[in-house]
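Peer 1: Taken from TrEMBL, the feature transmembrane segment covers B:7-24, B:62-82, B:94-117, B:137-161, B:198-216, B:244-263, B:294-317, B:353-379, B:391-412, B:418-438, B:476-493, B:535-556. Sequence annotations record features per position, and here TrEMBL assigns domain 'ABC transmembrane type-1' to B:58-263, B:353-552. What TrEMBL lists as region 'Disordered' is B:567-599.
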Amino acid sequence: MIRFDSIRVTFDGFTAIHNLDLHVEPGEFFTLLGPSGCGKTTALRTLAGFVDPSAGDVFIDGRRVTTVPSDKREVGMVFQNYALFPSMSVWENIAFGLKVRRTSGAERDRLVEDMAARVELSGDQLHKKVSELSGGQQQRVAIARALVLKPKILLLDEPLSNLDAKLRHQLRGELKALQSDFGITTVYVTHDQDEALTMSDRIAVFNKGRVEQVGTPQEIYDASASEFVCNFIGDSSSLTPALIHRLNELARRSQLDPARLSYLRVEKAALDLPGRSDHLHDDGSVTVSGRVTARNYHGQHSRYTVRLDDADIKVLVKEDGRHGPGLGEEARVRINPAHVLQYGATG
Amino acid sequence: MLRSPAVVITMTVLVWFIAAFLLWPNANLLVQTFFPDGQFTGRAVEKLMSSERAMMSLGNSFLLAVTLALTVNAVGIFIVLVTEYFRIRGAKVLWLGYATTFIYGGIVLAAGYKFIYGADGIVTKFLAGIFPDMDRTWFEGFFAVLAVMTFATTTNHMLFLGSAIRNVDFQTIEAARNLGASSWTILRRVVLPTLKPTLFAVTILSFLTGLGALSAPQVLGGQDFETITPMILTFANSTTSRDLAALLALVLGVATIAMLSVMTRLERGGTYHSVAKVAAPLQKQPIRDRGANIAVHAVAYVLFLIYVFPLTLVVLYSCMDSAAISTGVLTLDRFTLENYVRVLSQQSALKPFIVSIVYSALAAIISVGGLLFVTRLMLKYRGWLMSALEYLLHIPWILPAAMIALGLLITYDRPNPLVGGFVLSGTVVILLLAFVIVKVPFTLRMLKAAFSSVNGSMEEAAAIMGAGTLYTFRRILLPAVLPAAAAVAALNFNNLLDDYDTAVFLAHPLYQPLGLQIKANTDGGASVEAIGNTFVYTVLLMVVMGTVMYLVYGRLNRVRRSPRARRVPLQRVGGDAGTPNADLPEGATTEESSAAPLR
């Protein structure tokens, strides 16, 4: 559906995107994820036709659109701040593109009302000013305005980033539901990993103008392809060479390379019941004992820091009423070496 | 950029305007002064040095500038503190009294003071009845000019210092009190230092106001206190001394530029603004010492009377018959509307008012209308050329009005190819040109801020839906900046309405604006009717200007405070540009240095 072919974007000597190759399937909810300044928005704007790449090509539905003006690319866009026109009513906002295309009056009325119904905007709301709508309603107007032109692709540029946390959660669901309802190929830009993991079919993680990994949310999380992806998404503890050695000794099948950078996701470590330490379980995991150096209470759970050899391992423990070990006490941590993520050169 | 004919036309007009009206007339002043016959000559300097009167006026102007900077600061800081910082009873009423200078300034105010305190003034006559031996010209000369200008030019303090003090983070005051500081220490060590850049700015504006003063010294200076600008005017009227006028204008221009560059330099040093992420709004401070509290209240109300007294008398006497005006009587049975009837029905009396309104409205519309396109282009096609043109458009800001007027006058008094071989001096066009020119920098800054505050994504949203550049400009950008543009036009109109300084150089003899008429009525031989007319003019001006001010600022505040505006959770989405609270972009008032009401 969408193909970026060796796209390179430079601004005044600064290379925002180095050599981007991406492929988005029809109907997919595809997310460009990364920290600010990583090039994700530039990639989206290149697709929209607001940025001219200095090399490479963009294809939409097999057609090369690199030099095609943005309104001829059949893409709809929802902007970060929605960019609703404040001088017009909700109805006029949605009808704007149709009017520019000189769609006949009757047809225009039909299309606008039809679209408004699909995004659940009432007739009453259609004649309000956009400033009189709530954040959620404004988002629906922005989506309706983009979709009424029947684009092949919907582009969303961090549409939830300016909202407060509660509204953000609510609109996230609403947005995803609308997308699956319309079945439209969607490219979504965000810096919020939570948003990316819950909404996307596939994610491309950007860093410094390059794509570090493309995959499903689970692939990105459980099998992060690079140290950057591992650190950017989720939370993990860094394992030291000494601890890796010990894991290798205990779990005879495990052959982790101590010279590489090693991480363990916090929820993959667990506190074991008191008993025999330093032993191997049937599932291949091992129990290692250490001492609790810190405990942060979060209500639903606590986050323990346990010193194993010279490594500080973070462990999440559900606060289900049972007493965990106290500060300075011994704690036994269960780790499966298969969950350890390793990066960097060997040797 | 060069493909669009609209762009090419706008750019051509812009470059021509800058060359013909901003650059050449002022450069020509230099040429006329130092190269009158194509060769360098210092004759103008020699003439100036040998003219005792001219040298005296130079000295007087600098004396006025320095003392005015001191007195305006003293009064200005005091009135801002009592209206914004200290808890004073009746602060709102006091504020209204001090704020009269917003709608009552310039030649109108100078004339008002003369009618009241001058040799034939109402108060002087009254006093002379009690003390027959008193000096009837007591309100004349340096002291009178300084007093009038001090109370007339605190407008800048109310605008800039007032807004700066409202932005002081109240938490810093509470923190200081918590650390044991007294009220006085807090004011001196915590509050005033954060106001430093604003204080520098208003000091320099006051200095420049004193330096370029025209109407007050002309009306109240008398024989013994002449200053530069009236002198320029006198010299400009005779061909043989025009070089002298040009040289004095240059001196004024150089001094202005020097002071403004000092101001910019001072503003750059240091962090004065609040570093707080969440600043708390200022709460008024009680004066705990009882004696000090009484003294401050007393001074505040005495100042209030000084501000309001002349104005009140003007309003009251505008409703008195001629005999009452000439004898200084104020009784209810002399109440009449004959002055108003006369001004509004007699063509000769109404004409100056109409002339002023037409000139001001045209200039306001032309400056805003033209610059709407220019500003849009400047923001769309950035580059060194646009930056250079933008800087050049600020020329009228750094030059005194008298210099601009004189430059136009002596440049276009003969056929000039820059204006199609026409002579402009003496025509009705030249004053309109000057009005437009002096309004260019303020208008440009305001419109630029208005365009910049428009959410850039809206243009892209329109583009992605297929709207063309002109359609986007017409349907999206123009509606978004129109409230701001209308407000700027209204302020321009207000500011030009009582203009005297430009008109006195350039006005057509048959189409004299109000400022000139009022000045003429202050000259000794004016009839009682003329004085009555002036009172009516003053009242009408205040009504018009007050209404405009209310429409621009009053409505703005009301919208800002309306509960609905706050309730809408996503106000920045479109709200910025759409609701009328964007009428005036942030910092609107800080840009209004050209509004110094009395020069």
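Here the Cβ of each residue, glycine as well, is placed from N, Cα and C on the backbone.
TrEMBL labels come from automatic prediction, so no person has curated them.
So where do these features actually land, and what's packed around them?
Peer 2: Long-range contacts of the transmembrane segment (B:7-24) within the same chain, counting only residues at least 6 positions beyond its ends with a Cβ under 8 Å from a Cβ of the stretch, are 1, 370, 373-374, 377, 381, 389, 392-393, 395-396, 408, 411, 418-419, 433, 437, 440.
Here the transmembrane segment (B:62-82) has long-range neighbours at 88, 91, 94, 98, 142, 145-146, 149-151, 153-154, 156-158, 161-162, 165, 187, 199, 202-204, 206-211, 213, 217, 227, 296, 299-300, 303, meaning same-chain residues at least 6 beyond its ends whose C-beta is under 8 angstroms from one of its own.
Within the chain carrying the transmembrane segment (B:94-117), a Cβ under 8 angstroms from the stretch's Cβ atoms is held by residues 79, 82-83, 88, 123-124, 138-139, 144, 148, 151-155, 158, 215-216, 218-220, 300-301, 303-304, 307-311, 313-314, 317, 498-501, 515, 518-519, 521-522, 531, 534-535, 537-538, 541-542, 545-546, 549, 597-599, all 6 or more beyond its ends.
Beyond the transmembrane segment (B:353-379), the same-chain residues lying 6 or more positions past its ends with a Cβ under 8 Å from any Cβ of the stretch are 6-7, 10-11, 13-14, 343, 386, 389-390, 393, 431-432, 435-436, 439-440, 443-444, 447-448, 451-452, 473, 477-478, 481, 485, 488-490, 492-494, 496-499, 511-515, 537, 540.
Within the chain carrying the transmembrane segment (B:391-412), a Cβ under 8 angstroms from the stretch's Cβ atoms is held by residues 18, 21-26, 28-29, 32, 208, 211-212, 214, 229, 232-233, 236, 242, 245-246, 249-250, 252-253, 256-257, 260, 374, 419, 422-425, 430, 433-434, 437-438, 440-442, 444, 501-502, 504-506, 593-594, 599, all 6 or more beyond its ends.
Nonlocal intrachain contacts for the transmembrane segment (B:418-438), taken as residues 6+ away from its ends with a CB within less than 8 angstroms of a stretch CB, comprise 16, 19-22, 24, 359-360, 362-363, 366-367, 370, 396, 401, 404-405, 408-410, 412, 496, 499, 502-503, 505-508, 511, 513, 594.
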Peer 1: Can you work out which residues elsewhere in the same chain, 6+ from the ends of the transmembrane segment (B:294-317), have a Cβ less than 8 Å from its Cβ atoms?
Peer 2: 75, 78-79, 82, 86, 88-89, 93-94, 97-98, 100-101, 104, 109, 112-113, 115-117, 122-123, 151, 287, 324-325, 330, 532, 535, 538-539, 542
